[in-house]
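Chemist: Please read through the structure below; I'll follow up with questions.
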Amino acid sequence: RFIAKPCAINLGIQDSGPHRAQPNAILEKVFISITKSPDGKRLEGLSKQLDWDVRKIQRWFRHRRNQDKPTTLTKFCESMWRFTFYLSIFFYGIRFLWTAPWFWDTRQCWYNYPFQPLTSRLYYYYILELAFYWSLMFSQFTDIKRKDFLIMFVHHLATIGLITFSYMNNMVRVGTLVLCLHDASDFLLEAAKLANYAKYQRLCDAFFMLFGVVFIVTRLGIYPFWILNTTLFESWELIGPYPSWWLFNGLLVTLQVLHVIWSYLIIRTASKALVRGKVSKDDRSDVESSSEEEDVTSNSTKGIFSTSSNGSNRLNGHVAAGQWTGE
């Protein structure tokens with residue numbers, strides 16, 4: 001409210017929503033009480049009742065649905081908050097881990113396990129991450145509603161479970177490595193979204209390409225050969241397997257499978273953008289086009305992200321249904 005909003009206004013982002021629907025008591029009653037997307041039979045009935053063309057009624061319902069969508073300013077403020085946290089916690093993690101012995105030698109994660117001291121810096125790092133994901137899970141009910149709401153809810157729940165489980169089992173040393181590795185690309189994604197909302201398309205594309213490179217390097221390179229290597233092999237050698245060891249590694253291996261899927265989606269989207277100079281319409285776009293002509297205009301937009309009138313893009317947090325599944 002006091003930081004992101006003034007920044008957005010200075011960048012020329014207006015607090016104005018989509019075109020509002022023409023006031024109509026009958027259609028409003030149908031929209032609120034019956035359906036927001038009437039079928040053909042109901043459209044024909046409304047057409048006869050109001051003496052309106054069916055296409056005009058369809059346009060009215062599109063406009064009315066769009067009235068409930070968040071403005072670009074609202075989405076900019078949300079992304080700026082997440083960008084601030086991801087960037088801050090990433091640099092905090094790097095600064096903390098730079099002096100940690102297990103950052104340079106992963107075998108240190110398992111020496112004297114589970115009797116390893118929990119330092120205050122390590123504790124605060126873990127609690128900050130855990131608190132943030134708790135806040136994301138609860139704020140989902142009040143923040144911008146997306147089509148991937150359920151997927152993101154499950155994602156946040158699983159993340160909280162993994163952080164809590166590793167904390168309870170004192171696997172915090174390797175846990176900090178996993179957290180820092182995943183934070184490395186998150187702030188770049190939010191930066192790309194901020195540039196998109198501000199209509200700096202080249203900057204948006206640059207941030208997205210950098211995000212894609214960092215994501216693939218960290219998730220397909222560093223994660224399996226650094227993190228999984230120590231949790232699967234070095235820990236087996238030093239402390240041996242035990243019941244929670246199997247569960248912990250099972251979750252981490254499952255995460256790697258998701259990394260492969262998400263990396264494929266990133267590469268596919270980037271390839272389409274480079275070959276065609278544009279990307280297809282986002283399956284989870286927040287604002288619907290009000291006519292076929294608007295659809296054509298929206299789909300002709302250049303760049304990695306679709307810059308429709310609402311500034312929506314194909315990425316949200318970590319997951320985008322149909323095209324993007326976030327982290």
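Here, residue 1 is simply the first one shown, and the rest follow in order.
Every residue, even glycine, has its Cβ placed from backbone N, Cα and C.
Pulled the feature table from TrEMBL, pasting it below:
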| type | residues | note |
| --- | --- | --- |
| DNA_BIND | 29-72 | DNA-binding region |
| COMPBIAS | 301-315 | compositional bias 'Polar residues' |
| DOMAIN | 27-71 | domain 'Homeobox' |
| DOMAIN | 74-275 | domain 'TLC' |
| REGION | 283-327 | region 'Disordered' |
| TRANSMEM | 83-103 | transmembrane segment |
| TRANSMEM | 123-142 | transmembrane segment |
| TRANSMEM | 207-226 | transmembrane segment |
| TRANSMEM | 246-267 | transmembrane segment |
Chemist: Going by DSSP assignments with H, G and I as helix and E and B as strand, what are the residue counts for the domain 'Homeobox' (27-71)?
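Modeler: DSSP composition of the domain 'Homeobox' (27-71): 32 helix, 0 strand, 13 coil.
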Chemist: What is the average pLDDT across the domain 'Homeobox' (27-71)?
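Modeler: Mean pLDDT across the domain 'Homeobox' (27-71) comes out at 80.
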